[in-house]
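Q: Got a structure for you, questions after.
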Amino acid sequence: MAFYGVASNLVVYLTTQLHEDNVSSVRNVNNWSGSVWMTPILGAYIADSYMGRFWTFTVSSLIYVLGMVLLTMAVSLKFLKPTCANGVCSKASTSQIAFFYSALYIIAVGSGGTKPNISTFGADQFDDFNAKEKELKVSFFNWWMFSSFLGALFATLGLVYIQENLGWGLGYGIPTVGLLLSLFIFYIGTPIYRHKVRKSKSPARDLIRVPIAAFKNRKLTVPTQPSELHELELQHYSSSGKRQVHHTPTFSFLDKAAIKEGNMGATRPPCTVTQVEGTKLVFGMIIIWLVTLIPSTIWAQINTLFVKQGTTLDRHLGSSFQIPAASLGSFVTLSMLLSVPMYDRYFVPLMRRKTGNPRGITLLQRIGIGFMLQVIAIAIAYTVELRRMHVIRIHQVVGPKEVVPMSIFWLLPQYVLIGIGDVFNAIGLLEFFYDQSPEDMQSLGTTFFTSGIGVGNFLNSFLVTVVDKITRRGGGKSWIGKNLNDTHLDYYYGFLLVISALNLGAFLWASSKYIYKRENIEAYVDGVQVESKALDTSPLAIQV
């Protein structure tokens, strides 16, 4: 609620209160949103390597609260905000702008430790060795995102209206109090939480060691049998609480790091197959991550161009009530809230009976369906914008503040479809990066999800800036100018549609090459092996 209470309507505050133009406001919103989703890389590294998830979240949440308090002050106290008369605000001073953006980026720093650690900490409460808990864990990320969507719904429906009609101070003060309340509720459960013990001091070190070792052994020949590569005894993994990861044929050049031949007499033993496979997993996730950037760019439109597009349309509901343009984002959330229970309670059991897969379909199939829905959504956005431009020409709408005689509800289908798509791709990506990460790097693995959204926002900021400069050359009409009633936003949406379709093809290729990880679980009692089974975390296998 706190994040979406700021993000959903930030572009409106920047243009109406700080008097930024469309390109600058979109760029600044994207840069801030990008930072919010990129800082989790640092927060996850600190959690996995030093402080653990609970304490990293605790410290970061205090920073988050500080940022929200400062932001509320920035829009409430007279000497910190621009003076306004009859709805017209004067230009903000340099110090006021500096204080406002400082508060925003303190929130971004705080989110760095909260976003990657609270969801993984929640998933840690389930025991993978308990059949019942493991079955429940399959639904965890669905309901985790469902509760997040509830907060987002309140933000886009209630807070946005409060901000525009009752005051920005109240609109930011409510989520600040809500954030404090949520932390109080979280810490009530402290005595009963499970804390996952770190099994290595620097889990990310293997990502450097394995490629270096493989490069040193580049002239050696990889054995034909994976069993000839260096690996520790199974009892070592059982006694240490770690899991052995099975060999896979992907990124075979990295297997050279586990060759025994070149390490005879060396002071340091070769890398194990499990260490090599952990590095392979990260390499594979990087490829999948790359093809999530364009979909994240499409998602960034919800809080930027979709909102600005909505401000030009007829927003009246009845004779007196006017819908805030950013409130249409609530339909993304509503469609998600309706779709998550249907997906979890109906779609998954139906597909489970057909495929034998506990998730119904594979994680990458789920993500692919979401990406496909996103392509359809941007195609609809392009079509609706063509319609808007047609109405503008017919009614000769010219001024930037003139209302286009076309209902804002024309934008509804693109919002709804993106919301349904997020049930597939957003939740699927979060679960995929958690599930496929090396055991000791699951917080860091989750940041593949958050950083993808962050880079998508930066990419959107870059595209908006470059497209505006290129199309403005030689006195031409900008695709994204100050006056959206006299631009070619339809061209920009058409451009997004083309690159989205191409990206979908790239995703289908990348997912066809991906091999899911397979772990081996061993249990020993008094040194006697009592259980031995391979745990295939691939959704293609039946998990028990």
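Every residue, even glycine, has its Cβ placed from backbone N, Cα and C.
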Q: Using TrEMBL as the reference, determine which range in 6-27, 28-49, 446-467 is annotated transmembrane segment.
A: 446-467
Q: Which bits of the chain, at least 6 residues beyond where the transmembrane segment (54-75) starts or stops, bring a Cβ under 8 A of a Cβ in it?
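A: Long-range Cβ neighbours of the transmembrane segment (54-75): 2, 6, 13, 17, 43, 46-47, 81, 96, 99-100, 102-114, 117-118, 121, 168-169, 171-173, 175-176, 179-180, 183, 193, 195, 443.
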Q: Compare 281-302, 322-343, 415-434, 491-510 by their Cβ pairs under 8 Å to the transmembrane segment (446-467) and return the stretch that comes out on top.
A: 281-302
Q: Return yes if the transmembrane segment (322-343) and the transmembrane segment (491-510) have at least 3 CB pairs under 8 Å (sequence gap of 6 or more), otherwise no.
A: no
